[in-house]
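Student: What Swiss-Prot records for 1-28 is signal peptide, and it gives sequence analysis as the kind of evidence. The feature region 'Activator domain' is assigned by Swiss-Prot to 57-330. Annotated region 'Catalytic subdomain' per Swiss-Prot: 340-611, in sequence order. Summarising the annotation, Swiss-Prot assigns Ca(2+) 1 binding site to 440, 473, 477, 479. Look at Swiss-Prot and you will find 465, 469, 499 tagged as Zn(2+) binding site. The region 'Helper subdomain' annotation in Swiss-Prot covers 619-731. Annotation comment: Swiss-Prot describes 755-870 as region 'Collagen-binding domain 1', evidence class a curator's inference. What Swiss-Prot records for 757, 759, 784, 787 is Ca(2+) 2 binding site. The annotation Ca(2+) 3 binding site is assigned in Swiss-Prot to 759, 761, 784, 787 on the grounds of similarity to another entry. For 878-991, the entry in Swiss-Prot reads region 'Collagen-binding domain 2', with the evidence type a curator's inference. Positions annotated as Ca(2+) 4 binding site by Swiss-Prot, on the basis of similarity to another entry: 883, 885, 910, 913. Annotation comment: Swiss-Prot describes 885, 887, 888, 910, 913 as Ca(2+) 5 binding site, evidence class similarity to another entry.
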């Protein structure tokens, strides 16, 4: 089973919520207010903030006040005047554990809700934030779990209705807008009923009628947005908590039609502007999400259909509607017609990312918008080499922790601008409420070009940060993000280090890591406001964004003043020593000397701010140099570094060729870990300096590192050393770069068009899986003389196979095809030879698994491309998934959807699989179970109301078990079982 985990390592949050519609959408549903620290979202909007007594309060102060005094105080202070709001400590526990006090605050909100005016919010904004802080802490802390109980949250509903019944409940003066905004936030942290929901309609109508004016008003816009987001959030949480499958049976079903219809009105605004685009997007999103609670879901569904017609192709609104059709309506329009969503998405990728660049023999691929300058693409490549060189020096390892992961090939997706980046959520399915994001499970990070007005961080800075996350996942932290041991039980255990060190390594140069002016400028000038070591070392994403800057400062402190701590931390990570790491963190967070030195280092950084710059790659990388032979370069580097017997290899990129020189360096004496490191660091830098002083300018592109320290048989310390630099420019450097057109995708499976083989695949049981119309890049050499691949044929037909020797002729290798049922006798071989290609075809007489064996027939190394294609008409486009074990009981059944092809397998231990699916409307369904191997298999269908008696079964038809049945609304279980045969694969589809 293939698992994908998202490394959501975002460099920079996109600021204003209403400036980015997709960021609104993602945070609205994925990041409910109970899961994120909400007090960083806006500055206080309370009007009456005069306070003659104090400028700041803490829960310690509030605990000394009576309930009446607290309620009076909320009218005099801003919520930001409470220093530890949303923070769990003994004082906040004391405050919120007093149920009578919390109830008094809720009662106070009711009274204030009855009495606020158009110009005086009566402190409602501050009081709401105090209440939200309690519900937030109740979500995360069992000691306050009563605050997370829905029955207690419902106690806020009378106060909400009181606010809505006040004659001043409308958009207008600042006091009114503040109250409306606060109500929306409170709904998200508590609950709502249909009355609360429907009483928000006048606000939505008012905003709709004045949209040209109000869309320019941030407070009014956020107030309206909160109603959409938080009401949907509360309903979806109820749905999740009660395992709702019949959406007609909820407290809101059929009771909030007018609310949904009012939201949907915004989706029909065809005149999109920079001010109203966000609410149109959100209207599309929430209309689709809430449609299932409408008494006639086809009404909001048809609104989404209309969006596809009225908005321009490739526009943000168009793709928002496309995604809604896919996610909320099973890729069908309101009349039941299937829409080929995958085709539209692929067209969108080609539109927004028409350029493809390759580097390092295809190990780095950049997909970019047509407005991203090609010179910047090249500079990003060289920036990666600077970051990589310093990372490996400090981490001390350049061997991948796991072989065969997706990050064997790094893919970088760069959109033209922030506006186009919003489409990434639809085109690739990943969050866009950030400046960039690395997805470790697919070895890809996404970002966008930006102007100084759009971000204080340049594209190269962001790239350096995200590239560090790639290096962390590949060389430092075992396991995939959020899945490895360091994330178990506490997924924020190393967050401060991942983000802080990523900001640190973004300052890498050829010889060191320099302070970044953009980071130092974010450190508070007031020492009391800075993170101390204890606070930083326990920081998580839920704590906001500030820990990025202080994590950077701590990494810079370790690099310059405490290399031993830096080394100890990375050693625990490389060794997967979670307990050792936790012990080191606890010790360091309480070490007064570490904290003092860290704070002193921060003070020096702040004081020297004007002396810093932002490290970026030099223009030396972009200059043209005379060609120099590998032999000459090898000789010069060996002389500069005082080594012999190095190995130098060439790698090709789109614009230039580069080289890697590898050797070992043995220390004359062992002076301890840190002294050895300092010696090697100086030695490498001295070699780079010597090369710089030679006449050939290409040496100014050289980066180098040392890693993997170890003792040899003579008890001497040995390091691996690696030098990388420019070898020569190719013709693309002097002409417009040719854009690589994406191959036409005929098979809409969600697979990459170009993949690389994963060793070891030299036997049938280790074969790599491939797909039709996929290009496989692979290599055969003296140690790897054969490769095997397999594919599953779901129907009969003719298969074409082409294998091309990239750098030689077709006499150097051969291929054969085998059927899974007989691995001793091949069934096909090449029948046509054309220059460097071997081609052939064979007839698939019945569905099943087929293997391709590629083997060498000469002593030469062979780099080849393999492609298989279907010579018959392509099968209908369908989505494919794989079963997930254990699914052998009704309780553990895999949930599937209609029109999805499920691939499963059975063997002597696993003799049955069970799947569940939901039917919303009475319909006729076809069930087809296809035997991909020589198994005796069958299926039965059960309804949830009677799991003892099946209601349908299949009949044999060729190599499939098929059946047709008429099903009424409800939940059903498909029971697939084996009655003969050893082991094999099958596919099943319900449509």
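The backbone N, Cα and C atoms fix where each Cβ goes, glycine too.
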Student: Of all the binding-site residues here, 440, 757, 759, 910, which one's CB has the most other CB atoms within 10 A?
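Tutor: The residue with the most neighbouring Cβ atoms within 10 Å is 440.
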Student: Measuring CA to CA, name the entry from the binding-site residues 469, 473, 883, 885 that ends up nearest residue 757 (Ca(2+) 2 binding site).
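Tutor: Result for residue 757 (Ca(2+) 2 binding site): the nearest of the binding-site residues is 473.
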Student: Give the distance between the Cα atoms of residue 465 (Zn(2+) binding site) and residue 473 (Ca(2+) 1 binding site), rounded to the nearest whole Å.
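Tutor: Checking the Cα atoms of residue 465 (Zn(2+) binding site) and residue 473 (Ca(2+) 1 binding site) gives a distance of 13 Å.
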Student: To the nearest whole angstrom, state the Cα distance for the pair residue 883 (Ca(2+) 4 binding site) and residue 787 (Ca(2+) 2 binding site).
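Tutor: Each residue's Cα considered, residue 883 (Ca(2+) 4 binding site) and residue 787 (Ca(2+) 2 binding site) end up 27 Å apart.
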Student: Do at least three C-beta pairs under 8 angstroms join the region 'Activator domain' (57-330) to the region 'Collagen-binding domain 1' (755-870), pairs 6 or more apart in sequence?
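Tutor: Judged by the Cβ rule, the two regions do not touch, with the required three close pairs absent.
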Student: According to DSSP, which of helix, strand or coil covers residue 910 (Ca(2+) 4 binding site)?
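Tutor: Its secondary structure by DSSP: coil.
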Student: From the Cα of residue 885 (Ca(2+) 4 binding site) across to the Cα of residue 479 (Ca(2+) 1 binding site), what is the distance in angstrom?
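Tutor: A Cα-Cα distance of 20 Å.
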Student: Could you find out if DSSP has residue 757 (Ca(2+) 2 binding site) as helix, strand or coil?
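Tutor: DSSP assigns residue 757 (Ca(2+) 2 binding site) to coil.
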Student: Find the shortest Cα-Cα separation between residue 888 (Ca(2+) 5 binding site) and the binding-site residues 469, 910, 913, and name the residue that gives it.
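Tutor: So, spelling it out, the nearest of the binding-site residues is 913.
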Student: Counting Cβ neighbours within 10 Å across all chains shown, tell me which of the binding-site residues 787, 885 comes out on top.
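Tutor: Ranked by Cβ atoms within 10 Å, first place goes to 787.
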Student: Have a look at the binding-site residues (473, 479) and report the one with the fewest Cβ neighbours inside 10 Å.
Tutor: 479
Student: Spatially speaking, which of the binding-site residues 440, 469, 477, 887, 910 is closest to residue 759 (Ca(2+) 2 binding site)? Use C-alpha to C-alpha, please.
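Tutor: So, of the listed binding-site residues, the one sitting closest to residue 759 (Ca(2+) 2 binding site) is 440.
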Student: Cα within 10 Å of residue 913 (Ca(2+) 4 binding site): which of the binding-site residues 499, 761, 887 qualify?
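Tutor: Hits: 887.
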Student: Between residue 784 (Ca(2+) 2 binding site) and residue 910 (Ca(2+) 4 binding site), find the distance joining the two CA atoms and give it rounded to the nearest Å.
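Tutor: Checking the Cα atoms of residue 784 (Ca(2+) 2 binding site) and residue 910 (Ca(2+) 4 binding site) gives a distance of 34 Å.
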Student: Out of 473, 787, 910, which of these binding-site residues is nearest residue 761 (Ca(2+) 3 binding site) by C-alpha distance?
Tutor: 787
Student: Same chain, not part of 759, 761, 784, 787: whose C-beta falls within 8 angstroms of the C-beta centre of the Ca(2+) 3 site? Give them in sequence order.
Tutor: 757, 758, 760, 762, 768, 778, 779, 780, 786, 788
